[in-house]
Amino acid sequence: ANDIRPLRDFEDEEAQEFHQAAVQAFFLYVAVAFVAHLPV
């Protein structure tokens, strides 16, 4: 009856890794967009 873990445990484990990956992808996207808009 305890199939679902508390949300706090989920955030402490999977969400932390996902957050790191999302932040890295976001900054990579921003860097690519910034470079793409620089005058050549």
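Along the chain as shown, residues are numbered 1 onward.
Cβ coordinates come from backbone N, Cα and C, glycine included.
Source: prediction; values computed, not measured.
What Swiss-Prot annotates here:
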BINDING   His19, His37  bacteriochlorophyll binding site
TOPO_DOM  1-20  topological domain 'Cytoplasmic'
TRANSMEM  21-40  transmembrane segment
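Comparing the binding-site residues His19, His37 on other C-beta atoms within 10 angstroms of each C-beta gives the minimum for His37. DSSP assigns His19 (bacteriochlorophyll binding site) to a helix in the three-state reduction.
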